[in-house]
Structures are given as structure tokens and as C-alpha cells.
Amino acid sequence: MENKVSKNLYMIPYALWIILFVIAPILLVLYYSFFDIEGNFSLVNYKNFFTPVYLQMTLSSFWYAFLITAISLLVAYPTAYLLTRTKHKHLWLLLIIVPSWINLLLKAYAFIGIFGAYGVANNFLEWIGIGSRQLLFTDFSFVFVSVYIFIPFMILPIFNALDNLNPSLLYAAKDLGASGWTTFRRVVFPLTIDGVKSGIQVVFIPALSLFMLTRLIAGNRVITLGTAIEQHFLVTQDWGMGSTIAVFLILIMFLFMGLTGFRKRGA
Amino acid sequence: MTNTAIIQFNNVTKQYDHDAPVLDHVSFEIERGKFYTLLGPSGCGKTTILRLIAGFTEATSGDIYFNGKKINHIPANKRQVNTVFQDYALFPHLNVFENVAFGLRIKKMKKSQVAAKVKEALSFVNLSGYEDREIKEMSGGQRQRVAIARAIVNEPEVILLDEPLSALDLKLRYQMQYELRELQRRLGITFIFVTHDQEEALAMSDEIFVINKGRIQQSGTPIDIYDEPINRFVADFIGESNIAKATMIDDFLVAFGGEQFSCVDQGMNPNEPVEVVIRPEDLEITSFENGMLQVEVNSQLFRGVHYEITGLDKEGNEWLVQSTKKAAVGDKIGLRFDPEAIHVMRFNETEEDFDRRLDSYSEGEADGK
Amino acid sequence: MERKSSFAANIFLILIFFILYAPIFYLIFYSFNSGGTMSGFEGFTLDWYKELLHDTRLLIIVLNTLVIALLSALISTVIGVLGAIGIQAYKRRQTKNTLLALNNILVVSPDVIIGASFLILFTMAGIQLGFYSVLLSHIAFSIPIVVLLVLPKLMEMSPTLIDAARDLGASQWNVLTKVILPYIAPGIFAGFFMALTYSLDDFAVTFFVTGNGFSTLSVEIYSLARRGISLNINALSTILFVVTIVLVVVYYYLTQRSGSGAKGVDFRR
């Protein structure tokens, strides 16, 4: 009895938070998606979303998110694997994480300098004889900087999965005659797939919704779903259309979470 | 007043949702100052009894009395019992001193008094000088003692011990059995000890309650329970037993293994189907011809002190013998035993009927003399 | 064979670390450039740092950012800890899972969605955009992080500890203050710390819900960066880098002491 009362007391602020800041915002976004720019109830936003302009934008947003996730994974898996084999692996892991603690904006800003017309990247290209070229405001720089930013988040869950792997399983596989590659393909990778999944989760959805990088690094050459939402909310003030795109982004998010299953990051 | 029961259960039932009851109309009394053991396999309900006494859970029906007062709805923190938990439940964020002092601090006892009492409790469990140690620096046996000190420092009238020795290795467990028994004698307070280890129960207790499937099967002193098990479950659970189907031909005459034997049991119906128990240590190996029961040896293990030999009689009953003599598989040997070694059990006899029958023939013996 | 592969492995790791740290040191290096650009180092100067220290507008923004971070971390830690205890107290698995799913929505939601939906919320509720809307948002997105960091500690706690405390006479309040809170303290610290860094690092949500008169460091850097390169930002990032390193060391020390290793750092976006 006593227990129940105090439990409910604990839950009041938390329950209020769930109602006001989790449920209400989603419902409000849904509600707003049914109003056009004049504030009339209509389905025009949904109709617009299925026009080639928006569909193409969605598709390209997906394409970039896919590229960023795939490249991050290709770099992160071997890195995580090699990290688990170092001495003081947790210290090295921490050093991988530290850059992610630096404000995102500052890192983006650093790349403005590095990829700038007279930046160090062009100096390097000059030096190896390729010659300087436009790097900033290209999709290459957008993908590169995005991967740079997401890499630590991809490494972490994979590292933890690899680290939790019982080493005697590897000996068992060897003992049963598996080669290094077979051991990896048949034992290590299947057992760390959960780490890979959570890595993909923490990269893919944010990669769909990046908007700051598209402006600073891609110079509006890349428009993601996130950029479109920001544009509609803060520039054109068309909250209805912005909400509609947000509704689709939320749907994609739930779908994606359903497919990969929610996991604590790093679990 | 000191002779009255300190704890009394009256038809107590504990049931979760619609599952089978964990405790099924259990009634018993616990007397002051004795060492009680609740003995049974896991899931039999023994820990539930402990939790009901401690107040961690409430009975579905029935009454629980403590010192004559009904305590069904009194919360755990208001009860004069303390528990030693199976995992010790020592607070990892507090050191040894603070763990033991926890209950006293809650009572807002004076600092000097707390220090004195904790010191005394720790010396009681031979842990003087360990006050400032962290829990994680203590070994399993030491943690066990801290847990005991934490319980006794509050001077409860009853201490509940929930399988406290199960996490210790064999040697330490034997040592702690002596220490616990000794501690209970010195303190003179009631101990209620839960275990699934029959040896532990026999070695330590004044009284044992054997529990199975939410019911008390038999209660009594270790010797009573070992020598006069009421049914197959008790016979099987306590010690090693040879149990065979038998027929009670008449008073003092029982048939099993294809032979008839004289025994000391009586008061049953003629030709009543029963079961007999003979403990392995009561069987003696002899030559085939001299045996009261003839068996063919089918296995033999060397156990150090003795051989453990099993053999089959002509009805197919298996007999386990502990003997210093050797035999070989396939040998035909004879077994001898005294009439007193045969213990007859009736099917579905309640504890009350069993006691009444035993009483009736101990009176008969008295008349005879 | 072994040796060769480990050589290649080392090269690979060195390259990764180089790429991860190069931009940061690039920024720091040019913060001492008297030339005024991030290319062509002309001479050593501390002018940008001096200029930074005299920029009262920026200092006020730094102060704002810190106040928001500390307040939001504090409040979200209190609410999050209570929530975690509440969730843990529900016995039904279904209820627990539902609550956890709701809890995690804000963790997995993209910042834009959080920002846009909160913007609608504050507008509908008539809350003026500025300090309070930013504070409320930061509290809101930090609460689930705190819950996720505190809950494992609560789950790892043996229920017999609570029984033992009750058995020794502790009231419900005693159990909370003398057993549960001290036990989960490492989780609470980790939660507070994580909420702090989330708040300090946030750009997107703040960008949506802040008004004209109020800005945080991230938003300010964004608007400066959009205008182009200014070595003030480099000087600022050097200072922030040093502060971050100090915080990391403190955090590493805290988590190492509580025995959870570097696992606590994994909730960052």
C-alpha cells in the first residue's frame, strides 16, 4: 500500500514529462501536417509530398544516409576490431570517443578551413600533383564530414560487441578447423551483428535529418529531409509542410527501429 | 508466559494469482529459544514461510501470531525479527561497521552506544578489528558473519536464516554449522533456519519441519525424523534409504522381497499394503545362505570409508548397502538386519494419525513391562 | 605473416586517429595565427584570445550556455532518477516495456524532429521563445538519458538489499535515502554528466526553440561560421577543447571508480 502511493508520487513529474514532451509533440506535428500555409485544414501537404520534387529529395536523402552509414560501417568495423586487440583497449576507445565530445559545430567549422580554397586539403592535392579544386560545397565534402562525425558512434557499439565476445569461441572455431576468414564470417560477425545494428541505428536516422552540415559544408547542394524541415519551419514558415515531412521522418524512424529493434547504444 | 509459542501459524495459505498455492493451510508453533530448521526441496514453500514471518509478503488467508499478537498486516520494519539473507544482502556502499550499525542508526541510538553494540556484535562473530573494511574486501565466510552480526546487534527475539550457508564451500560450511549452533546457544534466542541440505538440518536443529509442496510433511527432532519417517518423501529426502513395497501381514509381521520378517510396528489392518524403509547402514553383508534377504550385486562404488554396494532381490527391489566388505558385480550375497531396522510406513497417513499410532504402542510397551 | 598484418593494422589505426584529431588540432593551431585566416600561418599571436575575452556579448552567451546546461542537467537528473525508480517498481513487464519505449522516443528521435515539434508545442502553449523554452527543451531531451543510465544500476541492485533494510527497521523514506540512492549514485552522476554534455553540445533543438534575444554557444558558432572564417572561433574552440579534456578526465575517473569502465560514454548523439 505504502509502496504504491510513493511509487505514484515518484512517477508524477516523469509522467508529466512523457505526456507533455513525448506524446504531445508527436500529436502536434501530426495535427499541423493537416493545415496548409494559410491555416486551412487540408490534405494538400500530403499531396505535395508525393510530387516528384519531394520524392526525389526523400530518395536523395536516403541515398546520402545510406552512403554515410555504409562508409562509416566499413571504416568502423575494422577499427573496432583492431582496437579490441590493443593493450589498454579501453583507453584507446576513450581516445576515439573524445573527438565526439567536441562541439559538432566546431568540427564542421574546422572543415570549412581545411576544405577551403586555400586550405590544407588543397595544398596537399597541389603537392601530390593533382592540383587544387573545389572541395567545399560538394557532396564529397558533405559525406566525408558526416562520416567523420558519425564514426565514433559506429565504433562504440561494435567495439562493445566484439569486446563481449567470449575468446574461447574463437579457439573453439579454430579447433574445429575454421580458417581466420571462416571464423570471422561464421562466428565473429554473427555474434556482433547486434553491435552493428545499433551502430547503424545511431548513424542512419541522424544522417537522414542532418541540416546544419548541409548548410555549412554542402552549401545547400545536398538537401536532406532534415534540411527541408528546417527550411519550412524557420525560413518559409510553412509549418504544415514541415510537419508533413516530419511525420514521414517519424514513420521512417519507427519503421527502422522496428526492423532493427531498439537497443541501448553500445549494448 | 515463557513457555508459550513465540510464533504461531494458523491455517496460513499463500497463493499468487491462480497458480497452485505456495503454502497450503499450514499451521505450526515455534517455541522460544530453540533452533528450528525448515527443510525441503527448492520451491517447497520454506522461504515463503520465512518471508511471511519477516513481513516481506502477506498471507492470502490464515493468521500469523507473534508473542500472541496477530501480525498479518504489520510491515517488516516494525517487526522484532531480523533476517540473514542467502546472498547476505550487505550494503555495498557501507563498510562493515556501518552495515552492522544500520538498524541501530535507524532507531536513532546514541553514537557511543552504537559503537559499543557494534563492537560487541562483531566480537560475537569473531570479526573484531574488521570495522573499517569494505564489504568487497571480505571473503564469503566473513560476509556471512557480518550478516549475522547485523542481525543480532538489534537483539531480535527471532533470527531468520535463509539458506545462509549455501554459498560457502564445504569445509567452511561445516565450520559455520558449529558456529551457528554455538551462537544460538549463547544468545538463547530463537533461530529459524531454512535449508535444502538434510545433513545441515540434522546436525544443527532442535526441531525440523520437513516441507514439501506447500505442506509440512513431518515435524520433530532430528532423531525422530531420521528414524521414523512418516512417508516415502521424508524417508527419501532425509538420508539414504532403501524403500520397498510391502504387505503388513499382521502386527509385528511384514512381507517384502518375497520373504516375511518380524518387525516392531503394529496397529495396522491385516494384509494392508505399506512401504518399508531400511537405512543402508542397518544392512549387513553375509554369505548367500545366511542372508535373510538374497540379492545379486549390480554395482559397487568405493567411497573411501566404505563401499557402496547395490543389489537386486528376487522381486526387483534395489538394496543399497554401505559396507567395509568388498563384493563383485554379479556376486550373490545375503543381507541381514534387526527387526528394529525395519520401519513401516502407511500410505497417506497424516502426521496426527502417525503420532497417535506411535503413542498407542509406546503405551502398549509400557503396559507390557 | 603475423608481423606484417600487425604492421598494417597499426598504420590503419594511426590513420584513423590522425583523421579524428587532425581537424581539432588544425583549429587550435590557427588560433595562434596572426594572419587572420585558416591557411598560411604568418606569425604567432594571442590576439584572438584577447579579443575573445573582451567580447562581452560572447561571454554572456557562454554564461547562458553554462546556466542552461547546469540547470537542465540538475532538473532532468531529479526527474529522471524518480522516473527510473518508478519504472523499476512496476512489476508487470508489459508496463515496464511500454514506459521504456516512450522513454526512448526522444533518445532516438532526430534533433530536427525534437526541435520542430517543441517549437509547435511552445507556440501553442504561449511560451515565449528564449531562456525558458530552451531550458525546458534541454530538460526534456536529457530526462530519458538519465533514466537509461540509472535504470541498469537499479536493475543490478539485489531486491534483498531493500528487504534487508526493511528488516532492520528502515521506513520507506530510509530505504530510498540510505540504500537506493547511495547504491545508484554512480548512475546518477553519469546521468547528470551526460545531461550536461548533451545540453552543452546541443545545436539543432536550441536553434529551433530559441528566440531573438537568447543564444547559446552552438547557435552562436553556427551563425559566425555561416559568415565565414573568424579566428575568434578558433580561440574559443581551443578553450572548449581544454575544458572538454578536463571533463573527460573527471568523467573517466568517476566511471572507472564505479567500475563501469568507458561504457557510460555511449549515449552521445
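Cβ coordinates come from backbone N, Cα and C, glycine included.
Not measured: the values here are computed from a predicted model.
Copied from TrEMBL, the annotated features are:
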| type | residues | note |
| --- | --- | --- |
| DOMAIN | C:62-251 | domain 'ABC transmembrane type-1' |
| TRANSMEM | C:7-29 | transmembrane segment |
| TRANSMEM | C:58-87 | transmembrane segment |
| TRANSMEM | C:99-125 | transmembrane segment |
| TRANSMEM | C:131-154 | transmembrane segment |
| TRANSMEM | C:175-197 | transmembrane segment |
| TRANSMEM | C:203-223 | transmembrane segment |
| TRANSMEM | C:235-254 | transmembrane segment |
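Of the Cβ pairs linking the transmembrane segment (C:131-154) with the transmembrane segment (C:203-223) and spaced 6 or more residues apart, 3 or more are under 8 Å, so the two regions touch. Between the transmembrane segment (C:175-197) and the listed ranges C:7-29, C:99-125, C:235-254, the one holding the most Cβ pairs under 8 Å is C:235-254. The stretch from C:7-29, C:99-125, C:235-254 that makes the most Cβ contacts under 8 Å with the transmembrane segment (C:203-223) is C:99-125. Proximity of distant same-chain residues to the transmembrane segment (C:99-125), defined by a Cβ-Cβ separation under 8 Å and at least 6 residues beyond the stretch ends, is recorded for 83, 87, 90, 133, 136-137, 140-141, 143-145, 147-148, 202-209, 267, 269.
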